[in-house]
Amino acid sequence: PNNILLLSLCLADFLMGAYCIPMYALSYLQSTREVVLGNKYFCLAWFSSIELAGAGSLISLLLISVDRYIAILCPLKYPTIVTEQRTIRVIVVAWLLIVFVAFLPMMGLNKYDYSVMPLNARCHYYTTLYTEYVVVASFGSIFFIIAVCCVLYAQILMASYRQVKTLRKRSVSSPSMHEWMEHRVSSVRVSTFLMLVFILLWLPYALVAPFKYFRTFSQKKIEILKVATQLLFFGNSLVNALINGLYRKENRTVYKNMI
């Protein structure tokens, strides 16, 4: 199940590199900027790429957090609660929801107007899309998922510490039991590191983005900060692969075989 969840995260990272970043590049390049901003569906496809890749990463990391929570707090029941089939079903439902939310603007939930000029005002994430949609689908969901994951990992780390401490006190514990627990702790360590990196790279954007709605701040400065923080969460997709490759032995083997 854990590998299936990592596959979901890999899919989100792939979409970030194959769909989201290219759309961003096209929207900023002078040679293609007019085409993207001046066409309703290209503009909305750009916005959907942000939601698709971003929400994919967010939901995948949340599911990994829940998986680790059950594995550590209910180790004996874990195999019956988290089955392969159940994990696949949850991921499929999650991705269907992500796709639905990401493409809502293309289904009519937008304020795109061909009469609006200049083009960067016509196709702008915070004015073309409804405020309620942006708040819920963008920085609102980031804050919510970060809060939930922090609560889960706080309990996971405390439970892991107690379990390892108990096992070390029991000199009669079998080597296999120690090996099993060390593997669990190692998995939690990697997942926790992924989550910390995720918070560091996504939180700045979630903090800066709402200021686009406040006229008391210089919009030019806010736009610069927004682009800078977006580069951070773009980088999260690259970091995820590196962390999994460096800290998971089985993944290192896969990477070596691919190379």
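Note that the numbers count up from 1, one per residue, in the order the chain is shown.
Note that Cβ sites are derived from N, Cα and C of the backbone, with glycine treated the same way.
As recorded in TrEMBL, the features of this protein are as follows:
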type: SIGNAL; residues: 1-20; note: signal peptide
type: DOMAIN; residues: 1-244; note: domain 'G-protein coupled receptors family 1 profile'
type: TRANSMEM; residues: 44-66; note: transmembrane segment
type: TRANSMEM; residues: 87-109; note: transmembrane segment
type: TRANSMEM; residues: 134-161; note: transmembrane segment
type: TRANSMEM; residues: 187-207; note: transmembrane segment
type: TRANSMEM; residues: 227-247; note: transmembrane segment
Fill in the blank from the handout: If you count CB pairs under 8 A between the transmembrane segment (134-161) and each of 44-66, 87-109, 187-207, 227-247, the winner is 187-207
Practice task
With a Cβ cut-off under 8 Å, give me the same-chain residues at least six positions beyond the ends of the transmembrane segment (187-207) that come close to it.
Solution key: 2, 57-58, 61, 64-65, 68, 71-72, 139, 142-143, 146, 149-150, 153, 156-157, 160, 226, 229-230, 232-233, 235-236, 239-240, 243-244, 247-248
Practice task
Tell me, roughly as an integer, the mean pLDDT over the domain 'G-protein coupled receptors family 1 profile' (1-244).
Solution key: 84
